[in-house]
Amino acid sequence: MLRPPPPSSVLTASAAAARPPASVVQPQRQAAHRRRAETLRLRRVFEMFDRDGDGVITPAELSGALCRLGARGEAPPAAAALDAVVAAYIAPGMAGLRFAEFEALHAELAGLGGRQAVAAAEAEEEKEADMREAFGVFDEDGDGYISAAELQAVLSRMGLPEAACMARVRDMIAAADRDSDGRVDYEEFKAMMAAGN
């Protein structure tokens, strides 16, 4: 006659059957450990960037941290692209990024969004290079300014009637000349071109 197994062995056998094999559990534990370690690392970075310790990284604090790390200041178009990405993560009514937003921003920059941010920065750099090249066409002597005489010469080569009247050329310079020095520097040229688009 067969005897039924003792109740404790039935429970042990059913618990063992319900438990996933070690080959599944171990990678899950490792992944959870990596996530915790990454969160702790990000928390340390967040606290390092949050200079005043208020739990929010302002754009100024982020910019300062990136400067200290040597990742800011060399490519203004890339910096502008980064500023736009960061601004998208700042919650309405907040002065900066809280840890959860910082973590989400990090995830985007590390994943597909990071490649998109890089592509956007590269496109912005290309646009900047094109703008500098256009400025160079007008800045014939390369001194960093477009004078009325330089503008008149370029307009004349282009066959535009405005070149015939120096007063009209000076008016064109004055319209773009924000600091009233009688010539157009690169930033003024850029602002004029942006206003025209």
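Placed from the backbone N, Cα and C atoms, the Cβ positions cover glycine too.
Feature list (source: Swiss-Prot):
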type	residues	note
BINDING	ASP50, ASP52, ASP54, GLU61	Ca(2+) 1 binding site
BINDING	ASP139, ASP141, ASP143, TYR145, GLU150	Ca(2+) 2 binding site
BINDING	ASP177, ASP179, ASP181, ARG183, GLU188	Ca(2+) 3 binding site
COMPBIAS	9-30	compositional bias 'Low complexity'
DOMAIN	37-72	domain 'EF-hand 1'
DOMAIN	126-161	domain 'EF-hand 2'
DOMAIN	164-197	domain 'EF-hand 3'
REGION	1-33	region 'Disordered'
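Put simply, GLU188 (Ca(2+) 3 binding site) is 38 Å from ASP54 (Ca(2+) 1 binding site) when counted between their Cα atoms. Residue counts for the domain 'EF-hand 3' (164-197) by DSSP state, with H, G and I taken as helix and E and B as strand, are 23 helix, 2 strand, 9 coil. Only residues 6 or more beyond the boundaries of the domain 'EF-hand 3' (164-197), in the same chain, are considered here, and those with a CB under 8 A from a CB of the stretch are 131-132, 134-135, 138, 144-148, 151-152, 155.
Under DSSP, GLU150 (Ca(2+) 2 binding site) is assigned to a helix (H, G or I) in the three-state scheme. Neighbouring residues of the recorded Ca(2+) 3 site, listed in sequence order and excluding ASP177, ASP179, ASP181, ARG183, GLU188, comprise TYR145, ILE173, ALA176, ARG178, SER180, GLY182, VAL184, ASP185 (Cβ within 8 Å of the Cβ centroid). Comparing C-alpha positions, ASP141 (Ca(2+) 2 binding site) sits nearest to ARG183 among the binding-site residues ASP177, ASP181, ARG183, GLU188.
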